[in-house]
Amino acid sequence: MEKRIELERRARKANQIQELNLDNCRSTSIVGLTDEYTALESLSLINVGLTTLKGFPKLPNLKKLELSDNRISSGLNYLTTSPKLQYLNLSGNKIKDLETLKPLEEFKSLAVLDLFNNDATQVDNYREKIFKMLPSLNFLDGFDCNDEEAQSEGDDDEEVNGNDSEEEVSGDDDEEDGDSDDSDEDGDNGEVSLSEVYNDDLEEDNSDWEEGEGGGDDDEEDSDIDDADGEANESSASLNASKKEPEKTDESQARGKKRKHDG
């Protein structure tokens, strides 16, 4: 524990340190922590292996003390040299009865106490008796006297983050509104261009009509060609007819000669 304390000090003077974390440094008793740490407000000794609090220093400004997951069964009177204590975590220890907790009555500002996973919590009317013993207590094992759960620091962070996210969502909505306004403006411009499109359609119709007049000239030319073809056909028919008439005359003359010969 002494080496760990020196490491955590980081060359600072003992009376300048306000927070000290000695978690998991194995020791059955407190060694190396002295009365010099007069400015210390938060001390953590989680899972150290402590069996006793004998030798606990006088820490006049200590407000938060973490002693969970040790093997402490008694000796809470050694803590009374830190009268400003407000938060005490003794969960996961060997405290078996409420009598062992009597020294805590000296702490007039103790607001939070955690005794979870101690045999003392199995005593009849345990919570009611503890709240009666310690009038300043607000939360016992994470709940108040009305069994309302204490709000953790993590919940506060979530609420802050939640508000931020709502603001972000609101910002997104504003951007969407801006986009819709832009689209409305585009729609107005669309109405102006519609008249232009209408005028273009009229021009196209006029050009088609002019092309239709030109097409009429083509039809007249086609009609003239058809008339010429008809006249050619009539001339050909007359020529054929004139050829056939001499043939008939020759046949008539031949028949007349034959009759004379027969006579």
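Just so it is clear, glycine is given a Cβ too, placed from its N, Cα and C backbone atoms.
Positions annotated as repeat 'LRR 1' by Swiss-Prot: 16-37. Counted with DSSP, the repeat 'LRR 1' (16-37) comes out as 1 helix, 3 strand, 18 coil.
Among the features that Swiss-Prot reports, repeat 'LRR 2' is placed at 39-60. Beyond the repeat 'LRR 2' (39-60), the same-chain residues lying 6 or more positions past its ends with a Cβ under 8 Å from any Cβ of the stretch are 1, 15-31, 33, 66-76, 78-79, 81-84.
Packing against the repeat 'LRR 3' (61-83) from elsewhere in the chain are residues 23, 38-55, 89-96, 100-101, 103-104, 106-109, 114: each is 6 or more residues past its ends and has a CB under 8 Å from a CB in it. Annotation comment: Swiss-Prot describes 61-83 as repeat 'LRR 3'.
What Swiss-Prot lists as compositional bias 'Acidic residues' is 144-189 (among others).
According to Swiss-Prot, the feature region 'Disordered' maps to 144-263.
For 198-232 (among others), the entry in Swiss-Prot reads compositional bias 'Acidic residues'.
Positions annotated as compositional bias 'Basic and acidic residues' by Swiss-Prot: 242-254.
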**Message:** Counting by DSSP secondary structure, give me helix, strand and coil numbers for the repeat 'LRR 2' (39-60).
**Reply:** 0 helix, 3 strand, 19 coil
**Distant-in-sequence neighbours of the repeat 'LRR 1' (16-37), which means Cβ under 8 A and at least six residues beyond its ends** = 1-6, 8-9, 43-59, 66
